[in-house]
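Peer 1: Sending over a structure as structure tokens; questions will come in a sec.
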Amino acid sequence: MTTARLMLPHLRAGLGSILTVAAIVLTLTAGAVFAPIAVTGMLDASTRHRVEALSPAVRDLGASGPFTPWPGSGPQPTASLPEEYRATWGLWDSSIRTIRDEMPGDLADVFGEAEYYTRYGEPGEFNGTTYVALDPRFAERIDVGDGRLPELTVTEPQWEELFADAWDDTGQPAEGFEPALPAIEIVLSAASAREVDWAIGETRTVGTEATWQFPLPLVLVGTFDAVDADDPYWTRGTGVLAPSIGFDPDGVPYVRTTGYVPPDMLPMLRWLAPITQTDVWYPAEVEKFTADGAPELLAALRGFTSRAQPLTLPDGFTYASLTFQSGTVDALEDAVAGNASLVAVIGMLLSGPVGVALAVLLLGCRLLWERRRAGAALLSARGASDRQLRALLALDGLVAGVIPAVIGAGIGLAVAALIVPGQSASPAMLVLPVVLALLPGASGVVVAAQHRGRGRADTRRSSVWRLIIDIGIVLLAALATALLVLRGTAATSEQLDPLAVAAPFLLSLAACVLTLRLYPAVLRVVLARQQRRPGFTGLVGAARALRDPATGTAPVLALIVGVSFAVAGGILLSIVQNGAEHAARAAVGADLQVQALRLTDEDIAAVTAVDGVAAVAPVSVLPASELEVDQRRARVNLYLADPQLLGDAQRGYPASIPDDVDLRSVDGVPRLLFAQTVADRERVEADSAIEIIGAPAQAAGAAPGTAAFAISSNWVLTDIASLEQITDRVPTATHLFIRIDADSSVDAVVAGIRDILGHTVTVTTAADALAQIDSDPAVTGLRAVLLAGIAISALLSAVAVVVTLVLGSRARQRILALLQTLGAPPRTGSRLLAWELVPAGLAALVVGGVFGALLPLLLSAVIDLRSFTTGDVAPAYRVDPLILLLTVGGFIAVTAGATLAALAIARRARAAAILRTVEDT
């Protein structure tokens with residue numbers, strides 16, 4: 001018989017173990033390929049979510065200056081500038097394009113071509129007017145309904161002739177000069193024209209109410225609607241697409257509108273209006289933001305916004321400069337910090353399951369090569385060479401490792417393309433799949449080197465080495481944890497922190513070591529009791545579990561990591577959920593928060609009378625109020641409220657006014673509650689000399705974070721009863737905090753409020769704020785990672801138990817066969833299996849539960865979890881029994897189900913067959 005014919009039965013004999021290892025490799029490789037791509041997509045989505053949450057006017061890279069663009073042609077205007085306006089706007093357009101071309105880093109890739117307009121005129125406070133705007137691209141944005149586009153009614157030479165006598169010999173305006181200006185054609189939005197009742201063909205004059213040097217007649221020649229009403233461009237100007245309506249302190253309305261005149265008026269209008277505003281912005285292209293590029297983009301954006309960009313004429317004269325700002329800076333700061341926190345959490349939590357996955361794979365390889373060992377020895381005895389044996393084992397490694405790894409990688413890439421399209425795998429992501437592919441073959445080489453003669457192990461020396469390794473693991477775990485707590489995590493959105501990954505895994509190994517060291521002591525007590533009881537099953541089972549445990553390091557590690565992950569995941573979900581709910585309640589401040597541009601006393605009284613409303617607390621504001629602290633001046637938003645009403649309305653919610661703060665005036669001196677950022681910035685102390693709008697005041701305290709009534713952290717709050725001591729200005733009520741009767745419907749109250757105030761107001765509940773927090777892909781992604789990790793850990797634990805049972809089946813079957821020949825009942829096999837699993841399983845359950853309960857404390861100590869809650873303070877440690885029951889119960893259900901299946905599969909063999917095996921050995 002040839003060697004080849006001898007090898008064929010060898011290949012067929014181990015098919016089951018090969019398929020087992022191949023399935024493990026395929027599954028792990030698919031996960032190893034998919035997971036990094038999915039996490040990258042999740043981080044990118046979270047980054048874009050934070051930027052997109054900003055209004056366009058805030059997230060765009062914009063600047064505003066009190067000047068008129070210098071007219072003239074330029075060398076490189078953008079292609080979108082209409083040809084007919086290049087002689088007038090080309091110089092300006094080229095300058096703005098050059099600024100973008102010279103942006104540092106990748107800013108030009110994520111901020112598009114510049115948009116801009118110039119607006120003339122500035123009315124006094126509480127005055128209405130029509131702003132005159134110039135935009136060379138305005139015609140492509142509008143759809144003229146009635147009338148036509150505006151055209152020039154005067155040429156530039158004619159205009160200059162009109163102003164030939166405007167100045168005297170000293171360059172000062174000539175006394176009594178009034179040019180006979182022709183009417184300038186203008187178009188208004190249809191809504192604005194209706195509001196101010198301006199008919200087409202009618203001429204109106206803007207003048208001193210808007211600080212024009214000379215009255216300017218305007219004739220309306222057309223009305224328009226937007227081609228795209230959702231274009232962010234329309235949010236930039238005041239009263240462009242719709243009129244802007246305000247109210248003076250007496251409630252008298254005033255209207256401001258903006259109309260477009262011919263863009264060629266640029267060199268002429270700058271003679272008339274001393275107050276001019278030019279807005280420039282580069283639109284943020286949100287879809288181009290990525291998590292990997294966010295840190296570099298943030299650094300470039302900080303540098304660009306920190307210095308002015310000069311506007312220079314061809315002769316080198318700088319006539320103006322622009323300092324750009326963008327709320328994207330703050331959004332990217334939050335995104336970078338949030339992504340780093342998410343990466344750190346994922347790394348710290350998944351390090352254990354990843355280690356277990358490798359241990360399970362090695363366990364499967366051990367199963368494969370144990371099945372191969374006897375066959376390899378037989379082939380060697382029959383004349384097979386070492387080269388033939390290595391070739392055979394390499395073929396096993398190819399079938400069990402490389403081929404399933406390639407298939408698994410393909411599956412991982414296909415699933416990633418479906419779930420997170422547009423993401424690609426980097427070369428670094430393929431390192432782990434390659435390791436998984438080569439591991440079965442590499443372990444086979446070790447078996448080939450050891451198959452010739454296996455001497456009896458030196459038990460004493462092995463015990464010493466095991467003790468040394470165990471002590472080393474515990475010491476390394478303690479050292480890594482201490483360093484991590486002292487230093488904190490250094491994870492970024494681009495890479496994991498090795499220490500943050502190593503510490504939890506080493507702690508898992510340490511917990512495994514302690515379990516394997518301590519639970520035998522409990523077993524000895526159990527064995528002593530079994531010796532005094534009738535029956536032999538408990539005695540044999542306890543003795544085998546103590547002297548020849550089937551559960552080794554891998555299954556115990558898998559169970560400890562699985563249980564700890566389920567417990568830690570449940571607690572972490574509880575912490576994040578509770579933190580998000582607290583942040584949502586703090587952001588809303590009451591059962592309902594109503595926000596509007598202006599709320600009248602009649603509005604407040606009508607809301608108070610709505611069925612179901614128990615308490616209403618209005619908050620008013622005096623924006624941009626002058627604050628002086630120890631002769632240092634600043635502008636803040638001064639909010640005013642009745643502390644008692646506010647406390648009543650906020651009952652059961654985080655209070656805007658801390659309990660130890662009293663805002664009642666002392667001897668007629670108002671007391672101020674400062675935002676913590678304002679108090680820190682202005683160095684406010686209890687004895688500081690303070691004035692607010694020129695009136696003396698005292699510091700009552702400081703409140704951290706952003707208050708529910710404030711749009712920013714630049715605020716101070718005082719008792720509205722102190723208003724008379726501060727100013728005679730009339731504040732504007734902008735917020736209402738509403739408490740609802742316990743037996744009333746929130747939806748019904750909201751509907752009643754909207755019936756009174758209309759749909760222009762914003763009505764927010766804590767549930768609405770919580771939904772906004774939960775919409776962040778980082779939050780949903782964290783939950784998905786935790787739930788997926790629990791499921792994966794359960795499956796890994798089950799696989800580890802099953803493979804361990806198969807590895808120990810021969811010894812178990814021999815003892816079972818002997819016991820059955822002695823008259824043991826059929827159920828003895830299942831009871832012996834239970835004794836193999838239950839002691840270590842219970843020990844792992846206890847140790848894993850304790851370890852899992854402590855792991856979130858480590859996470860909270862080294863990772864800022866506020867990124868997942870948007871709160872001002874770190875979320876507190878909290879255990880939600882229902883969430884914990886679901887996570888731990890789900891883990892136990894999956895693991896127990898797989899174990900019961902293993903018990904059914906690993907039934908006893910026929911006694912005669914096993915006895916023959918015993919006799920052969």
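Here the Cβ of each residue, glycine as well, is placed from N, Cα and C on the backbone.
These came from TrEMBL, pasted as-is:
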DOMAIN    790-908  domain 'ABC3 transporter permease C-terminal'
TRANSMEM  342-369  transmembrane segment
TRANSMEM  389-419  transmembrane segment
TRANSMEM  425-447  transmembrane segment
TRANSMEM  467-486  transmembrane segment
TRANSMEM  498-519  transmembrane segment
TRANSMEM  554-576  transmembrane segment
TRANSMEM  784-807  transmembrane segment
TRANSMEM  837-863  transmembrane segment
TRANSMEM  883-906  transmembrane segment
Peer 1: Where, among 425-447, 467-486, 554-576, 784-807, 837-863, do we find the most CB pairs under 8 A to the transmembrane segment (342-369)?
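Peer 2: Comparing 425-447, 467-486, 554-576, 784-807, 837-863 against the transmembrane segment (342-369), the winner is 784-807.
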Peer 1: Using Cβ distances below 8 Å and needing 3 or more such pairs, separated by at least 6 in sequence, tell me whether the transmembrane segment (554-576) contacts the transmembrane segment (837-863).
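Peer 2: Stretch pair touches.
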Peer 1: Given a Cβ distance threshold of under 8 angstroms, which distant residues of the chain, six or more beyond its ends, lie next to the transmembrane segment (467-486)?
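Peer 2: Residues packing against the transmembrane segment (467-486) from afar: 499-500, 502-503, 506-507, 509-510, 513-514, 517, 858, 861-862.
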Peer 1: Near the transmembrane segment (498-519), which residues from the same chain, at least 6 beyond its ends, have a CB less than 8 A from one of its CBs?
Peer 2: 344, 347-349, 351-352, 354-355, 470, 473-474, 476-478, 480-481, 483-484, 487, 489-491, 553, 556-557, 560-561, 564, 839-840, 843-844, 847-848, 851, 855, 858, 862
Peer 1: Is the transmembrane segment (837-863) packed against any residues at least 6 beyond its ends, judged by a Cβ distance under 8 Å, and which are they?
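Peer 2: Counting only partners 6 or more residues beyond its ends, the transmembrane segment (837-863) has Cβ contacts under 8 Å with 341, 344-345, 348-349, 481, 484-485, 488-489, 500, 503-504, 507-508, 511, 514-515, 518-519, 522-523, 526, 542, 545, 549-551, 555-556, 559-569, 571-572, 575, 801, 805, 874-875, 877, 879, 888, 899.
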